[in-house]
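So that you can see what the record holds, here are the features copied from Swiss-Prot:
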- HIS47, SER68, TYR139, ALA140, ASN141, SER156, HIS226, PRO227, GLU228, THR243: iminosuccinate binding site (BINDING)
- CYS113, CYS200, CYS297: [4Fe-4S] cluster binding site (BINDING)
Amino acid sequence: MSHILDKIDTVYPFPPKPIPLTQDEKAAYIASIKQLLNEKDAVLIAHYYTDPEIQALAEETGGFVGDSLEMAKFGNRHPAGTLIIAGVRFMGESAKILTPEKRILMPTLEAECSLDLGCPADKFTEFCDAHPDHTVVVYANTSAAVKARADWVVTSSIALEIVEHLDAEDKPIIWGPDRHLGSYIANKTGADMLLWQGECVVHDEFSADALRKMKAVYPDAAILVHPESPASVVELADAVGSTSQLIKAAKELPQQKMIVATDKGIFFKMQQLVPEKELIEAPTAGAGATCRSCAHCPWMAMNGLKAIETALREGGEQHEIFVDEALRVKSLIPLNRMLDFAEKLNMQVKGNA
C-alpha cells in the first residue's frame with residue numbers, strides 16, 4: 001500500500017533551445033571534437049535521450065551510448081583519464097561517485113533533471129528524519145546529497161526486486177523522487193511506501209486518452225512505456241521498462257510497429273536495432289503546440305556539438321563535476337548495496353532514465 005504526499009505543482013524553468021547549427025558548423029565542431037578527444041585523453045559518453053548526432057559521434061569515436069548507470073560503469077572501466085558526459089548533471093555526479101580519480105566534464109552544468117530539481121536534499125532529509133522507522137530508497141535520478149541520505153539507490157530494472165526484498169522483511173519504505181514509478185512499484189509489490197511527489201517532465205506529459213486514440217489508428221502496434229509515466233498510460237502498455245529494457249522489448253516483440261512512450265531521443269538507438277520496424281512517438285497531453293517538453297527533455301537538448309567542443313577545449317569550473325569526498329563516500333554505500341544485491345541475484349543492472 002502506498003501513502004502519497006500532497007502534490008505540489010512545480011513549473012520548472014526550461015532552458016532556451018540551442019541555436020541550430022549549419023552543416024558546415026556541425027562538420028567543423030565534429031572534427032574539432034575528434035581531435036580534442038585524442039589530445040585530452042578523453043572519451044565521449046552519451047545518454048539515449050541526447051540528440052542523434054551526439055549519440056552517433058560517441059559511437060564513432062569509441063565512446064558509449066546508454067542509460068545513466070551504464071554510462072557511469074562504462075566510464076569506470078574505460079582507460080581514458082577524462083570522461084565527457086553528455087547528459088544531465090546527476091549523470092556526471094554518478095560518474096564521479098564511481099570514478100573519483102578521473103576528470104569528469106559536462107557540456108554544461110546547467111543541464112538539470114526535473115526529478116533532481118523536485119527533490120532538494122534539505123527538504124528530503126527533513127522528510128526522512130520525520131519517519132525514522134522507514135527504509136529510504138531513492139531512484140538513481142537524484143543528486144549525490146540525496147543518494148547520501150538513502151539506504152538504497154535503485155534503478156528501474158531492479159527496483160521491484162529490492163522493494164520486494166524489503167517488504168518481505170516488513171520494512172516500511174520512503175520512496176523518492178518519482179511518484180509515478182513509486183506508485184507502479186507499490187501496486188506491483190503491495191509494499192508499505194511513502195511516496196515523494198516528483199516527476200519527470202517528459203513522461204508526466206504522456207496522455208492515456210491520446211494514446212488510446214493513437215492505438216485505434218495503429219491497432220497492430222505494440223505500446224512501449226517507461227514506468228515514469230502516469231499509471232493510466234502504463235496500464236495500456238505491452239511492455240514497461242527502463243530505456244534499455246524498452247530497446248530490448250522493441251527487438252523481441254513480434255509487432256512491426258511500436259508506439260513509444262518515452263523521450264524520443266531513444267529512437268536513434270532503437271531504430272539501429274530494429275531498422276525494419278516503424279517507431280511512432282506516443283502523444284503527449286499537450287498535443288502539439290501546447291505541450292511543454294513535447295517528448296524531448298529540454299535539458300538533454302543542451303548537450304550540443306558546440307557545448308561539447310567548448311567543454312573539451314576550455315574545461316574549467318563551468319564544465320567540471322566535483323563531488324565532496326565525504327559525500328561521495330556516503331553516497332557510494334547505498335549504490336554499492338544495490339550492485340551487491342544484483343550480483344547475488346545474478347542480474348545485470350540496467351539504468352533508468
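Quick reminder: no glycine exception, Cβ is built from N, Cα and C everywhere.
Shown here: features listed in Swiss-Prot, placed on the structure.
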| residue | record | DSSP (3 states) |
| --- | --- | --- |
| HIS47 | iminosuccinate binding site | strand |
| CYS113 | [4Fe-4S] cluster binding site | coil |
| TYR139 | iminosuccinate binding site | strand |
| CYS200 | [4Fe-4S] cluster binding site | coil |
| HIS226 | iminosuccinate binding site | coil |
| CYS297 | [4Fe-4S] cluster binding site | coil |
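Distance from the CA of TYR139 (iminosuccinate binding site) to the CA of CYS200 ([4Fe-4S] cluster binding site) is 12 Å.
Nearest to CYS297 ([4Fe-4S] cluster binding site) in space, judged by Cα atoms and limited to the binding-site residues HIS47, TYR139, ASN141, is HIS47. Other C-beta atoms found within 10 angstroms of the C-beta of TYR139 (iminosuccinate binding site) number 30, with every protein chain shown included. Looking only at Cα atoms, CYS113 ([4Fe-4S] cluster binding site) sits nearest to ASN141 among the binding-site residues HIS47, TYR139, ASN141, HIS226, GLU228. The number of other Cβ atoms within 10 Å of the Cβ belonging to HIS226 (iminosuccinate binding site), over all protein chains shown, comes to 29.
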